[in-house]
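Taken from TrEMBL as is:
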COMPBIAS  247-262  compositional bias 'Polar residues'
COMPBIAS  263-290  compositional bias 'Basic and acidic residues'
DOMAIN    20-225  domain 'Cytochrome b561'
REGION    246-290  region 'Disordered'
TRANSMEM  14-37  transmembrane segment
TRANSMEM  57-77  transmembrane segment
TRANSMEM  89-110  transmembrane segment
TRANSMEM  130-151  transmembrane segment
TRANSMEM  163-183  transmembrane segment
TRANSMEM  203-224  transmembrane segment
Amino acid sequence: AAQGARKMEDYGRFLALLASTLLVGFVSVILSLVWVFHYREGLSWDGSAGEFNWHPVLIITGFVFIQGIAIIVYRLPWTWKCSKLLMKFIHAGLNTIAMILAIVSMVAVFDFHNAKNIPNMYSLHSWIGLTAVIFYSLQLFLGFAVFLLPFAPVHLRVALMPIHVYSGLTIFATVIATALMGITEKLIFALKSPAYSASPPEATLVNCLGLLLVIFGSLILWMASRPHWKRPPAENAKILRPIGATSEGTEAESTMTNSSNADKSDLRSNTEAAKKQNIKFDEAGQRSTM
């Protein structure tokens, strides 16, 4: 009973943290819209400043908020009964949407710069931002090729999973750092009278937006790095298919179960070994955080 109460308390903590994270992320998106519509020239696609404004809005919406949700989607307890394949598709789908929005946001900047004869790719913000987009594209491609499509051998997935997880979290943190550089750069360039140093309302609003992005990133990284909030491998031990199994990590058990001349004690010990092996492989398949 005490253990059950602890689990419920832990579940309650997770839900409170999740709600806080979603709220902070949602408010960040709203503030980016308030910024461009109230203080800047709104949104357009005609080479004007309104076209540039798609850049902060789409980066915050896609590259920060949606990517953050994609990272923690495996951690949502009510998804643990869903198939691993479905969760992989959701994870990959959210990351693909984030990628598309990031690319559109970059096209908007280059288009605006070219229309106004502003040089491209001279700032540190642009260097790190383009690097993040390139690595994110690579991460997405490798994620599809290795973890989603059924061709990669299990040992390769096991070997690449820690790299996949580390890369995903590093790219996410880099994106937030780059966003902070970008909004600071924009304020310095755009605020002339009054200047940024005079702390006009726009500067205060955007500084608060930056703080929210840091809080959002911190909450996502905290949720993604807690081992006890990991999708439990045991859930997938239930779906081992003894006959004709094709799911990754179940081949060993399938072979044993179909072996007609294995005695019961051998089968029992072999099944235990297979379950342990399946849990190891399953963890590799679960914790994708593109």
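Just so it is clear, glycine is given a Cβ too, placed from its N, Cα and C backbone atoms.
Taking every listed stretch (14-37, 57-77, 130-151, 163-183, 203-224) in turn, the largest tally of C-beta pairs under 8 A with the transmembrane segment (89-110) is reached by 57-77. Sequence-distant residue pairs (6 or more apart) of the transmembrane segment (14-37) and the transmembrane segment (203-224) include at least 3 whose Cβ atoms are under 8 Å, placing the two stretches in contact. Model confidence over the domain 'Cytochrome b561' (20-225) is summarised by a mean pLDDT of 97. Here the transmembrane segment (57-77) has Cβ contacts under 8 Å with residues 11, 14, 18, 21-22, 25-26, 28-29, 32-33, 36, 43, 87, 90-91, 94-95, 97-102, 104-105, 108, 132, 136, 168-169, 172, 175-176, 179, 182, 209, 213, 216-217, 220, 223-224, 229-231, 286-290 of the same chain, all six or more residues outside its ends.
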